[in-house]
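A short worksheet on the structure shown next.
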Amino acid sequence: MTDLDPVVLAERLIDCPSITPATGAVFDCLQAMLEPLGFAIHRFVAGEAPDGPVENLFAIRKGPEGARHFAFAGHLDVVPPGEGWTSGPFKAERRGELLYGRGAVDMKGSIAAMVAAVAEIPADAGTLSFIITGDEEGPARYGTVPLIDLIRQLGAEPDLCLVGEPTSVHRLGDMVKIGRRGSVNMWIACKGAQGHVAYPHLADNPIPRLVALLADLDALVLDGGTEWFQPSNLEITDLEVGNPATNVIPAEARARISIRFNDRHTGAELVARVEEIAHRHKGEVRAVISGESFITLPGAFSAMIADAVKAETGLDPELSTSGGTSDARFLRAVCPVVEFGLCNATMHKKDEAVAMEDLRVLQRIYRRIALSALS
């Protein structure tokens with residue numbers, strides 16, 4: 001067993017720029033951390049521009065024959081830093097009690113905490129693995145999905161998987177995610193016939209039809225929520241005509257909507273419902289389902305996480321399904337999956353930062369979770 005400082009590990013990862021889609025140096029850095037701990041490393045690059053190339057890493061340290069297998073999943077890619085940082089986004093900086101840098105909380109910090117945690121777990125405790133992608137913040141086409149394919153080819157499916165997304169809100173340990181709503185985006189087009197505004201009888205203006213279509217969609221009440229999920233919501237996210245002329249009736253009007261939905265629906269059902277309304281207004285729909293809703297019902301796995309959090313923080317975490325999508329939506333097809341990590345207040349913001357003490361507490365929480373999962 002080795003004693004590693006999660007703050008130092010986080011600094012090393014932050015110092016490797018890894019804007020999504022990520023490849024290269026940041027994976028070299030993680031590999032250099034894991035190999036001395038006895039992990040066998042599998043790395044591969046998938047996809048092509050514009051959504052790739054993407055690097056992925058699966059690291060496994062096998063325990064005794066028949067031992068339980070606990071996996072930690074996460075991502076090394078980060079969103080672009082933007083402007084206005086008070087220090088370099090890809091040069092970790094300690095100021096006061098905080099560690100600054102892009103990825104500090106989302107989610108290089110939690111990866112560092114888990115590496116430090118497993119360094120304290122003996123090899124004979126069971127099988128441990130890391131499922132790490134460079135394609136979570138982007139389209140997520142070439143990341144966790146092909147990683148799952150590799151894991152199945154290796155016959156290395158875990159019994160339980162913890163995703164290290166920053167789930168905490170006000171204090172480390174106040175929230176654990178046991179599920180997520182599904183997500184579907186749709187592009188709607190109403191076509192007409194271009195013409196002069198002074199001769200409307202010679203044209204077909206698609207805008208009134210699109211406006212009426214969107215009004216029908218906006219009036220929908222999808223549900224009132226379920227036991228573990230908030231109500232589904234449909235949002236109009238874009239309107240486009242692309243008509244710079246004041247005297248021209250356009251030939252086409254377009255809109256985009258996004259639906260976040262709970263376990264009362266499937267993506268396909270919602271697409272069909274929108275298509276039915278769109279067809280009444282002579283509209284066409286193209287849809288992309290990003291993921292279905294899922295839940296790991298409260299039970300032994302969530303209890304061991306809650307117990308670990310309570311032991312180290314004194315908090316009783318809320319079990320929640322709020323928030324956006326994550327790669328847990330893919331991993332749930334392999335084994336039970338729960339998400340827990342750092343406070344998310346500064347994720348995707350300038351001057352992203354994590355309390356250094358939170359990294360050390362998270363290391364201890366993760367160690368407790370892993371040992372419980374392997375027992």
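Positions of Cβ are set from backbone N, Cα and C atoms, glycine also.
Note that the structure is predicted; figures quoted are calculated from it, not measured.
As annotated by Swiss-Prot, active site applies to D77, with the evidence given as sequence analysis. In this structure, D77 (active site) belongs to neither helix nor strand by DSSP; it is coil.
As annotated by Swiss-Prot, active site, proton acceptor applies to E136. In the three-state DSSP classification, E136 (active site, proton acceptor) falls within coil.
As annotated by Swiss-Prot, Zn(2+) 1 binding site applies to H75, D106, E165, with the evidence given as sequence analysis. Within the same chain, residues at least six positions away from D106 (Zn(2+) 1 binding site) with a Cβ under 8 Å of its Cβ are V78, V79, E165, P166, N344, M347, H348, E352.
As annotated by Swiss-Prot, Zn(2+) 2 binding site applies to D106, E137, H348. The DSSP secondary structure for D106 (Zn(2+) 1 binding site) is coil.
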For D77 (active site), which residues in the same chain are close in space, meaning a Cβ under 8 Å from its Cβ, but six or more apart along the sequence?
S18, I19, T20, P21, A22, V54, T133, G134, D135, E136, E137, G138
Which one is it: of the binding-site residues H75, H348, which Cβ has the fewest other Cβ atoms within 10 Å in this structure?
H348
From the centroid of the CB atoms of H75, D106, E165, the recorded Zn(2+) 1 site, which same-chain residues not already listed sit within 8 A by their CB, in sequence order?
G74, M107, S110, E136, E137, V163, G164, P166, S326, G341, M347
